[in-house]
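Written below as structure tokens is the structure these notes are about.
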Amino acid sequence: MWGPMDLGETTSDGTAGEAVDLFTDGACSGNPGPGGWGVVLRWRGTEKELAGGEPITTNNRMEMMAAIAGLESLTRPMTVRIHTDSTYLRDGITKWIHGWKRNGWKTADRKPVKNVDLWQRLEAAAGRHAISWHWVRGHAGHPENERADRLATGAIVRARA
């Protein structure tokens, strides 16, 4: 687990006043196929990298796992900025999830929500924090997202082993 050593003041919602930045990415070789996820966490000038993978998965699941792993690694409630190139992840957690829950985890056309296990896990992990979601264009030279991508693609190699 990773978290701030000295939180200092907290905001009225109980989170630390300074934001943690999570730069996330997921990757898959084949879809489905071996996949990996990577996260670069930054707080007060300190950085940590996380990565993991699965032998058979999808790109969307790896995008979700990057955000989940980053959030679950925080030891206390925090103000968090998540930077992702996945509109599926951002829109799912900020827009679609409310309707899915209202519909018993079914889509608008009454089909089961894909990746419901990870949506529920992400919602639980996100509930501890004050989060803002930021979309960044993938493979456009954003240094931290490029690092997250390298972590994710490296995790694919390990997932194949």
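Each Cβ is built from the backbone N, Cα and C atoms, and glycine gets one as well.
Per TrEMBL, Mg(2+) 1 binding site is recorded for Asp25, Glu63, Asp85. Taken from TrEMBL, the feature Mg(2+) 2 binding site applies to Asp25, Asp149. According to TrEMBL, the domain 'RNase H type-1' annotation covers 16-157.
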Helix-strand-coil residue split for the domain 'RNase H type-1' (16-157), DSSP-based
56 helix, 52 strand, 34 coil
Nearest to Asp149 (Mg(2+) 2 binding site) by Cα, among Asp25, Glu63, Asp85 (binding-site residues)?
Asp25
Under a criterion of Cβ-Cβ distance under 8 Å and sequence separation of at least 6, what residues of the same chain contact Asp25 (Mg(2+) 1 binding site)?
Trp37, Gly38, Val39, Glu63, Ala66, Thr84, Asp85, Gly138, Asn145, Ala148, Asp149, Leu151, Ala152
Of the binding-site residues listed (Glu63, Asp85), the greatest number of other CB atoms within 10 A surrounds the CB of Glu63
Return the count of C-beta atoms lying within 10 angstroms of the C-beta of Asp149 (Mg(2+) 2 binding site), excluding that atom itself.
21
What is the set of residues, excluding Asp25, Glu63, Asp85, whose C-beta falls within 8 angstroms of the centroid of the C-beta atoms at the Mg(2+) 1 site?
Thr24, Gly26, Ala27, Met62, Ala66, Thr84, Ser86, Leu89, Gly138, Asn145, Ala148, Asp149, Ala152
